[in-house]
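Accompanying notes for the structure given below.
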Amino acid sequence: MNGLPRVGLGVDVHPIEPGRPCWLVGLLFPSADGCAGHSDGDVAAHALCDAVLSAAGLGDIGDVFGVGDPRWEGVSGATMLRHVVELITQHGYRVGNASVQVVGNRPKIGWRRYEAQAVLSRLLNAPVSVSATTTDGLGLTGRGEGLAAIATALVVSLRDPLGSQ
């Protein structure tokens, strides 16, 4: 570990499952259908998990929360993010900041952006930016068949002055 900040990228995509609760960016959107998945289907939380794990050099979400492990079945994205923060802390890192962009038509998240940023920032103990975009009708997100998220995270060493709080 050289003490320099490290950057990671995470991507997650899930199909929409009619009738399933919609958890996205750490929030429940009661009027929208949610995503299928082993856990709660929160693509934004999952992409953030991948980005943080990647930045810390600890693999990816599949390594930590494998679909074959019943302990993680139905677990919330919030629980997953808390676990990832514990893991990177054990390995001498903390999150410096993160950003996540949701790709899809629905639910619209703009009106809850600041609430989402507050929830995710609290979970990661760091500033988190939230944004959204569409694919102008192209692909599975454009046809409303699924949602995707792309995230970046910067982690810093707890053992280096740059990582001091």
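Just so you know, glycine gets a Cβ as well, placed from its N, Cα and C.
For D12, V13, H14, H38, S39, D60, I61, G62, T133, T134, T135, D136, R143, the entry in Swiss-Prot reads 4-CDP-2-C-methyl-D-erythritol 2-phosphate binding site. The DSSP secondary structure for T134 (site 'Transition state stabilizer') is coil.
Sequence annotations record features per position, and here Swiss-Prot assigns divalent metal cation binding site to D12, H14, H46 based on sequence analysis. A strand conformation is recorded for H14 (4-CDP-2-C-methyl-D-erythritol 2-phosphate binding site) in the three-state DSSP classification.
Neighbour list (H38 (site 'Transition state stabilizer'), Cβ cut-off 8 Å, at least 6 residues apart, same chain): F65, V67, W72, E73, G74. Here Swiss-Prot flags H38 (among others) as site 'Transition state stabilizer', drawing on sequence analysis.
The annotation site 'Transition state stabilizer' is assigned in Swiss-Prot to T134 (among others). Counting every protein chain shown, 14 other Cβ atoms lie within 10 Å of the Cβ of T134 (site 'Transition state stabilizer').
For the 4-CDP-2-C-methyl-D-erythritol 2-phosphate site, whose annotated binding residues are D12, V13, H14, H38, S39, D60, I61, G62, T133, T134, T135, D136, R143, the maximal Cα to Cα separation is 30 Å. DSSP classifies I61 (4-CDP-2-C-methyl-D-erythritol 2-phosphate binding site) as helix under the three-state reduction.
When the neighbouring Cβ atoms lying within 10 Å are counted for each of the binding-site residues (S39, T135), the highest count belongs to S39. Note: the CA-CA distance between S39 (4-CDP-2-C-methyl-D-erythritol 2-phosphate binding site) and H46 (divalent metal cation binding site) rounds to 10 Å.
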